[in-house]
Amino acid sequence: MIDPSFPAVPGHPGDDGPAAVRQAETTGRQIVVLADADDDAGVEWGRAGIREVADSRDFAAGGVPPETLDEAQATVFAQLGIAVVTADPGQVAVLQSAESPGRRVLSVSPELVHHVLQDVLDYARAYRDGVDDAVERMLHARDRNADGPGLRAAARFEDTAQATWGIQAVRADSSSCSGRGIGVAVLDTGLDLEHPDFAGRTVTAQSFVPGEQAQDGHGHGTHCVGTSCGPRSPSTGPRYGVAYEADIFVGKVLSDAGSGTDGGILAGIDWAVSNACPVISMSLGADVMQAHPPYSAAGARALEQGSLIIAAAGNNADRRAGRPGFVGAPANSPEIMAVGALDQELAMAYFSARSLPGRGGQVDIAGPGYQVLSAWPMPTRYRSISGTSMATPHVAGIAALWAEATGRRGLELWATLCRESDRLLLPSVDVGSGLCLAPQEGA
Amino acid sequence: MTHVSVTVGDDHRGSLDGVVANLRASGLQVDQVLGTLGIVTGSAPDGALDALRGVEGVASVDAQLTHRLPPPDAAVQ
C-alpha cells in the first residue's frame, strides 16, 4: 500500500519533476558486456566495421589512459569482460547478432554520464526531507501504514489452513526449492524420532549429551527441526517447515532439561562439519557479552569447510520496558550469523536482542519468531511458541534452499542470504539486513 | 576442576596430536579432540590453566559456558 502522505516517487518540492523520470544523460558510446570465455576468443569487431580496438592488457598496471578511451573505437577491459564502444545502431545490431562468430555479446547499453551525487544544498534538502520523513513516520506509527514505495506493505501475516505466517513471510510457499540434497544440522534438544511428520525422511541423529539419547525429551529441538525441515504437506494442519526435502542431522547438544555446555555444542558442530552439512542451526545461547574464542574459531573453520553456522541472537531484551538487550554467545562471534525475531507485522518481537557495539556482536538477519507454530513431541504434535530460537530455523531452512538453488557454501551462502533479504524500515542494529527470503523463480 | 575448551591456532591444526600430548602433560584431562575444528575439550585444575595457555600452538583456553533453555511450557524460548 502506498501512503498518500508521501510522494510516490522521491523528488524535491519545487523541482520540475520527480528525479526518477528525468532522462538519463548519455555519452553516445555503448557499454558492451561480453560472455564469459575460457579461451581468449575475441569479438569480431571488424564485422561491425570497428577497426581501432584498444585492449587493457596492452597497457601497464596504470590502466587505460583517457586519451585512448577517447580515440579508440573500442576499448576492451579484459579483466572485466566489458568494452566501451563507439558504434551506431547498425553496428550494435551486428555485434549482438547471434550468428556473429567469436565471443558472444551479452548486453549493449548506452554509456551514462555520472556526477558527484549531491551538492551541499541538495544534501541539506535531503537531510530536511529525512527529518520530515522521520517525524511523519512517528506520527503514523500507530496505523502502520507508513511504508513508502518499494517496501513491503505493512501486512499482518496470519496462519492460514495452507501455511503458517512465517512460511508465508519468508516466501517459502512460492519457492520451487525444497532443500533437496542439502544437509541441515539442528543442534538442540534432539527430535521426536517417532513424530509422524518426519516419517520417511532422511534423519541422522546423534547425542552429545552424556547419558541421553537423541530422542527429544524437551520439545524445543523438535520445534526447531520442524521449522527448518518440516514437511511440505503435513497430514493435518498448515505447512510450517521450510526445507521439506533437506537431509536432517539431529545433534542433541542440550539435555532434556534444556541445558548444555560448550563441550557438547562444539562436538556437535564438529560432527555437522564432518558430515559436510552446509547449514548448522543453533537456537541456543548464553547471555554473555564477550565473543567466546572457541565459537569464533569454530565458526571460521566451519565456513572454510563450507558449513554456515546460524545462531539465535537471544531473548534477553524486553523492549516493552525499554530494554533492548544484547546478542549473546555464540551468536556474537563475527564468524557466526546472528538472527533476530520479527512478529506478524514484521515489527521487532519484544524479546529480540539488539546488536552490541563493536565487532561481531551484531544481528545479521531476521526471521519470523513470534507465535510460531511447529512440531512438538507426540502426543501434543504441534505447538505455537516464540523466541529468536524460532526465527533461527526459519533462516536455516532458507539457507538450505539457497544452497540448493545456487550451489553456494560458507561465506558465499552467508552473503547470498543477506543480499537477498527484504529490507525493513527497522534499525539495522535490530534486524541486520532484514527479513530472510526464499529463492523465487527467475532469481 | 574447570571444564575448558582449548582452541588450537591455525598454524598447529596440522600437528594436533603433538599439541594434545603437551596439553595432557600440562594437566588437561582430555574429553574430546575435535579434529575438524581444531578444538580440544576437557577439564583441568584451576591452577593449571596458565600452563595450558603456555603450550605451543594453543590460541586460547576458555572456561566452558553453560547454555540453558527455558522450561518446555514457557511462551518465549
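Glycine too: its Cβ is placed from the backbone N, Cα and C atoms.
TrEMBL entries are annotated by machine, without manual review.
The active site, charge relay system feature in TrEMBL is assigned to A:Asp188, A:His220, A:Ser389. Here TrEMBL flags A:179-405 as domain 'Peptidase S8/S53'. Per TrEMBL, region 'Disordered' is recorded for A:1-20.
Annotated features, which come from TrEMBL, shown on the structure.
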| residue | record | Cβ neighbours (10 Å) |
| --- | --- | --- |
| A:Asp188 | active site, charge relay system | 30 |
| A:His220 | active site, charge relay system | 28 |
| A:Ser389 | active site, charge relay system | 31 |
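A:Ser389 (active site, charge relay system) sits 8 Å from A:His220 (active site, charge relay system), taking the Cα positions as reference.
Separating the Cα atoms of A:His220 (active site, charge relay system) and A:Asp188 (active site, charge relay system) is a whole-number distance of 7 Å. Looking just at the domain 'Peptidase S8/S53' (A:179-405), the mean pLDDT is 97. DSSP classifies A:His220 (active site, charge relay system) as helix under the three-state reduction.
When secondary structure is read from DSSP and collapsed to three states, A:Ser389 (active site, charge relay system) falls in the helix class.
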